[in-house]
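Q: Please find one structure pasted underneath; my questions will follow.
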Amino acid sequence: MDTQEKRVTLVWLALVALTLGSAWLGEEGLPVVATALVVALIVAAKGLLVIRHYMGLEEEGSRLRSVMRLYFVVVPALILVAGGTSWLAA
Amino acid sequence: MELAMKSMGVMGSMVPPSTELKGSVPGNRGIWVGILCELAEFALMFLAYAWFKYTHPEDFHRGPAMLYTACGVANTVTMLTSGYFAVRALLAIQRNDRRSARNWLIGTLLGGLAFLGIKAWEFSWNIDHGVVGTGNSFVAMYYYLTFNHLVHVVWGCLGLIWVILRNEFGAYSAEDHEGLEAATLYWHATDLAWIVIFPLLYVLR
């Protein structure tokens, strides 16, 4: 296994670990806002890992990379807002 | 979708390839138009999810407990693993190892088929347990999101079958593998959508 293959294998293991972490959160019954915050961070981390290491968007200053990365800032923010509205409604 | 199929080399095109972005963008420009359209479509669905969660908090609070969480986890791990196989296929063709690329691509496709199998089993379990689309707004959103994602997985599988066949006939090499890379990029975009869908439906209350 060369360096690149090792790198993507580690990324895959990290993605699986983050998924299992998310599932554990869902079962633990933590406060709604805390769950939303951790879920948002996990979604952002997973998205950014896939964009960089699986899709190969690594070039500095690339507009495409900026748009893709922005997506994984905006969507987790939306998750946080969705979690917050549930907390307000409770 | 036609654009995405063209980008994978499925359909011929009279439009000359743009040279402006060559080298700076993985795959080709066409597949990225398809990917950005797909992600925009899902972004609208995520907005709809947030709206219905705001207007029907009780449905969304109880919703995840109605679902079979293990299926959601299995689907996510399967999708991520399949995406990993797709990267390995790309790395293999970049060193001109067509045989290894074929094996990793078949692994990727099997991951996609396993995803579809798990989803079919989950839908059957849902029906047996009364989780049907007319149930409440959470369940309606669940089916809307998962069916839409399913369609993209099916398209991705068709793209993968095409590049497996093209690879068999020697269409790709270390120097020229744009179609193969485009298919794997589309696959990763479908993975990205699921990365968001999974916690929205199975974790967030």
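Cβ coordinates come from backbone N, Cα and C, glycine included.
So TrEMBL lists these for the protein:
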type: DOMAIN; residues: B:30-205; note: domain 'Heme-copper oxidase subunit III family profile'
type: TRANSMEM; residues: B:31-52; note: transmembrane segment
type: TRANSMEM; residues: B:67-91; note: transmembrane segment
type: TRANSMEM; residues: B:103-121; note: transmembrane segment
type: TRANSMEM; residues: B:141-165; note: transmembrane segment
type: TRANSMEM; residues: B:185-204; note: transmembrane segment
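Could you place the listed features in the three-dimensional structure?
A: Panel annotation: around the transmembrane segment (B:31-52), residues 1, 3-4, 7-8, 25, 59-60, 137-138, 141, 144-145, 148-149, 152, 182, 185-186, 189-190, 192-193, 196-197, 200 of the same chain, lying at least six beyond its termini, place a Cβ under 8 Å from a Cβ of the stretch.
Using a Cβ-Cβ cut-off under 8 Å and counting only residues 6 or more beyond its ends in the same chain, the transmembrane segment (B:141-165) has close neighbours at 1, 4-5, 8-10, 38, 41-42, 45, 48-49, 52, 63, 67, 102, 105-106, 108-109, 112-113, 115-116, 119, 131, 133, 172, 179-180, 182-183, 186-187, 189-190, 193-194, 197, 200-201.
Same-chain neighbours of the transmembrane segment (B:185-204): 4, 7-8, 26-27, 31-32, 34-35, 38-39, 42, 46, 49, 60, 63-64, 67, 69, 72-73, 75-76, 79-80, 82-83, 86, 108, 112, 141-142, 145-146, 149, 152-153, 155-156, 159-160, counting only residues six or more beyond its ends whose CB sits under 8 Å from a CB of the stretch.
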Q: Please indicate, using numbers and ranges, the residues of the same chain that are 6 or more beyond the transmembrane segment (B:67-91) and have a C-beta under 8 Å from a C-beta there.
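A: Sequence-distant neighbours of the transmembrane segment (B:67-91): 100-101, 104-105, 107-108, 110-112, 114-115, 118-119, 121-122, 125-126, 131, 142, 177, 180-181, 183-184, 187-188, 190-191, 194-195, 198, 201-202.
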Q: Could you give the mean pLDDT over the domain 'Heme-copper oxidase subunit III family profile' (B:30-205), rounded to a whole number?
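A: 94, rounded to a whole number.
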